[in-house]
Amino acid sequence: MAVQWILVCQGLVTLLVVISFLCGQWPIFQGTFIERIHYFLTFGAYDYFLRIIGVVFGSKGTNAILSVEYQCCDRPNPTLQVIYLAIIGATYYIIVKTSFSYIPGYYLSEVHRYTSLLAVGVGILLFLLTSFSDPGIVNAENVSQYLSAYPYDDIIYFEKECSTCKIPKPARSKHCSICDRCVARFDHHCGWMNNCIGERNTRYFMAFLLWHFLLCIYGTVTVGLVLAGQLKEQKLIYILTVYYGIENSFRSLAPHVAQWLLGSYNTQILLMVFLAIVSLLLGGFFGYHANLCLTNTTTNETFKWQDYLNWRRKVNEAKASAAALKASISGLSEERKPPVSKWKAFFRRSRLEDVEVVKNNIYDAGFFHNFHEIIFPLSTRPSFSLRKSKSG
């Protein structure tokens, strides 16, 4: 029974951490412990780590950590690329060493020995494609064609010059401070790819996320079927119910089965938990970016819109406060007049109180058009090349 509760608690804690990490910044969790966990996981833990380093090693230790952070996070480097290759290589090696001896088995055929290698190979291919593809670099030679790709909305994008590259800045582009280059339809800089995600390689990035999400699920299910096959082949349920007299029900058998699995196949169990957690993270990340793609928005633009909407709300609140102050002042001079009916006062409310700040995304052309734009970026289409030749 203790083992069962340990597994339940482990699952709940894992679920809480994953939800907090992925969704803790959502407005629905504002002011809750999930938001605080999200802050701790993303910023707080690192801040505490820096404080501890400062107390133990002084300013030299803190400066050393900040220097490492700058080189790893603020400059192009292959550190996370190497870590990715090490993780996927080590995971596949562990699966081969611990589970391939049971394939073929009761539930799995020999074909999974080869499909697993193929699946990992496709994942690495998508990784390399995303890492080394052109994200849509804007320079003096091609800036005119990128300028014609998207119009300025005069809300979050205005006609101006990049202060670093000294070229006109196309709408939806951004100068990446890490790569030191302007990127068309800039989404974000991905440390795992050591590359920006922009107009030309968003499709590869999305394929990478989806494939690795499915790859982790495939690995979890495969290892699970290996363990299920061992339960069947070794007749564990039969032994427990017949020889040990345990009731043939899930509640009675589960603790004993879990104990046997942890004792005999602990590596496979840990591997399943690891793959399940990673699949949840990848699934959430893919879902977030899929929503952005299908609404023709980028990660960079979500922050821009958030800043704009917050600014508009503050402006409206300031206008409403000014109108209320003006009304109270005029009310003082009209104290002798009969009081206005509450119903009339209700219908005479300032219109500013009813103004809703909305997001007007002119680039959202509908589900299918947005999807088509991701798969076939504007800069890769013949019409785009035609505009290039005309501008030349």
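Note that the numbers count up from 1, one per residue, in the order the chain is shown.
Heads up, the Cβ atoms here are built off N, Cα and C, so glycines get one too.
Taken from TrEMBL, the feature transmembrane segment applies to 7-28, 82-102, 114-132, 204-228, 269-288. The domain 'Palmitoyltransferase DHHC' feature in TrEMBL is assigned to 158-306.
Non-local neighbours of the transmembrane segment (82-102) in the same chain are 108, 113, 116-117, 120, 123-124, 127, 192, 219, 222-223, 226, 229-230, 265, 267-268, 271, 274-275; each lies 6+ residues outside the stretch with a CB under 8 Å from one of its CB atoms.
Ranked by number of Cβ pairs under 8 Å to the transmembrane segment (269-288), the listed stretches 7-28, 114-132, 204-228 are led by 204-228. Broken down with DSSP, the domain 'Palmitoyltransferase DHHC' (158-306) shows 92 helix, 16 strand, 41 coil.
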